[in-house]
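As annotated by TrEMBL, signal peptide applies to 1-17. The domain 'Ig-like' annotation in TrEMBL covers 48-164. The domain 'Link' feature in TrEMBL is assigned to 166-261, 266-358. Residues or ranges marked as disulfide bond in TrEMBL: Cys212-Cys233, Cys311-Cys332.
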Amino acid sequence: MGLLLLVALLLLPGSYGLPFYNGFYYSNSANDQNPGNGHGKDLLNGVKLVVETPEETLFTYQGASVILPCRYHYEPALGSPRRVRIKWWKLSENGGPEKDVLVAIGLRHRSFGDYQGRVHLRQEKEHDVSLEIQDLRLEDYGRYRCEVIDGLEDESGLVELELRGVVFPYQSPNGRYQLNFHEGQQVCAEQGAVVASFEQLFRAWEEGLDWCNAGWLQDATVQYPIMLPRQSCGGPGLAPGVRSYGPRHRRLHRYDVFCFATALKGRVYYLEHPEKLTLTEAREACQEDDATIAKVGQLFAAWKFHGLDRCDAGWLADGSVRYPVVHPHPNCGPPEPGVRSFGFPDPQSRLYGVYCYRQH
């Protein structure tokens, strides 16, 4: 990666002096001694480079634009500006590779990979090197590092970005515990979601998620959240919490999966139709209404963030039948809010309506 970054910057017009890449990597382990907002090394005559990033996590949603704040200054202040190099990159998650996002020297910059065309430095004020990311994607959440390099000295800070979303358990149409890790990734993607992280599952548990079936998480561990300990789910003697089976073999072991979907830019609605529909007819009916049949993740997001509340069971894109309840009432399932499921009925049955999704 270092060689590629060096070559990339040497290709930038007007890039003089030492190449931007200085071969210095930061650890994302629990023992990382430089979490951000720290003082840099001495430059000359006791002057220190200081990089400032926010300590709190930034929350946003899929499709939005967000600014990751990063500013730097010198202590004591310098009388004349200095030429610095800026690097933004996304730290590795669960053993995955680090991702270069953007490098800049003065007003020249270069972005990389999936970030090309979606990122730029703000630089509206002196010493402001905040990063703007547009059209946020599900995979954009995580930890970003802002590094400022002045000659041979460097200092950096962390910015944590989280998407507002909802965690939901997903089970294969073939029944319980049928998905290996890679299949879990695939079915979450098909439902407009990604495999949930432990932090996302833990937050969902704090908000009341109680589910007895174990499911894959992003780090290939298998866990499940319990609010009400009971005999059929690990026994009543265990305390509430997120229980773990630990890491499992990504290909050989099979469980359910916990998916994570973010808030929507569009609208999910129950299609008012004079007749009940088969699954094929449901797809066609949404298309005739200038929409598409909704995915499971979209229905959960509409329930969570837009208050979608219907007691009418409807087809979804994966062939399941579900309905969202915000305010439980008689003859509409259990007394708790949630998205109810009828499983995966015969696709030819004409017993249900359909939920459609129309993008804004």
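Positions of Cβ are set from backbone N, Cα and C atoms, glycine also.
TrEMBL labels come from automatic prediction, so no person has curated them.
These figures come from a predicted structure and were not determined experimentally.
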Going by DSSP, how much of the domain 'Ig-like' (48-164) is helix, how much is strand and how much is coil, in residues? 6 helix, 60 strand, 51 coil
State the Cα to Cα distance, in Å, between Cys212 (disulfide bond) and Cys311 (disulfide bond), rounded to an integer. 24
Under 8 Å by Cβ from Cys233 (disulfide bond), counting only residues of that chain that are 6 or more apart: Cys212, Ile226
Name, in the order they occur in the sequence, the residues of the same chain whose CB lies under 8 A from the CB of Cys311 (disulfide bond) and which sit 6 or more residues away. Tyr323, Val325, His329, Asn331, Cys332, Gly333
Average the per-residue pLDDT over the domain 'Ig-like' (48-164) and send me the rounded value. 92
Counting every protein chain present, what is the number of Cβ atoms, excluding its own, within 10 Å of the Cβ of Cys332 (disulfide bond)? 15
